[in-house]
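As structure tokens, the structure follows; a few thoughts come after it.
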């Protein structure tokens, strides 16, 4: 039995934003952030689902601006570290400066698994601002372990404090996770983390596989609230890790109460593995495409599964949300011509 410490990064107020169409209110943000902080969660991520400056026609308009969200969370967090996500090309260094001014202590710079180089400027700026900087590699199922290692080493060379391996499509199985996380752990000198999605119901199993491979940071969300079928449930992760003898510093009862009393009442729908999220994982499609796909399917009277299969076949990646409507239109035209 190990006594190793595992750092919990809760993404309810960032990845969970996808599941509520980015409509968190300031009061909800303060309540969730304050509850997580009181429960001992070390890192509390708050942003639009697509990161700083994500509120847009393409990614979905948020109820609040970034500054309002961050100020609401910062006022409620007393011990934990306010964390933000930034996708280069969406968020800029100016957005990062604003986040730091609002109290953010950590930025996770997220790029496609083959594009770590576009995050160099943002990692560098974060370090200049005195922030903890994380290299966050998305859609890691799309690259073999050696490519993931190559990109992780780039992030390390830019000054990243740890590397996060993300199964953004919820497409990986435990052996896939072990292969990628284990290879990165062996190759870099900084810690390694893992971000799971539950599209194939493997989120907690994959998180544990990551820990077995040497990861020391794990992402979770209360009630699993997140894109697609959601993330690993923070409260479940804490309980499972405790049973296995790992230290998280999180009060199990308190984090369960946050999930049940604060998060669950504001969920738009149960975070379960329905057909379309299951297809996300099966086809290897970016989890935040889900609600966009539902809307396109309704508009063109299509089965969302058909759209997702085609998106997977075309190897669409995060940032190509605008292509969902194009694909749906093409499928509808093809159907009409048959």
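Heads up, the Cβ atoms here are built off N, Cα and C, so glycines get one too.
Site annotation (Swiss-Prot): substrate is bound by 14, 15, 168, 286, and the candidate from 122, 195 recorded at this site is 195.
Within 8 Å of the centroid of the Cβ atoms of 15, 195, 197, where the record puts Mn(2+), the same chain has further Cβ atoms from 11, 166, 167, 168, 170, 196, 219, 221, 226, 227, 230, 231, 232, 287. The number of other CB atoms found within 10 A of the CB of residue 168 (substrate binding site), across every protein chain shown, is 32. Using Cα positions, the member of the recorded positions 14, 18, 197 nearest to residue 286 (substrate binding site) is identified as 197.
Residue 168 (substrate binding site) and residue 197 (Mn(2+) binding site) are 6 Å apart (CA-CA, integer value). Take the mean position of the Cβ atoms of 14, 15, 168, 195, 286, the recorded substrate site; other residues of that chain with a Cβ within 8 Å of it are 11, 18, 49, 110, 138, 166, 197, 226, 227, 231, 287, 288. Spanning the listed substrate site, residues 14, 15, 168, 195, 286 have a farthest Cα to Cα distance of 15 Å.
The Cβ of residue 195 (substrate binding site) lies under 8 Å from the Cβ of 11, 136, 164, 165, 166, 167, 168, 219, 231, each of these being in the same chain and 6 or more residues away along the sequence.
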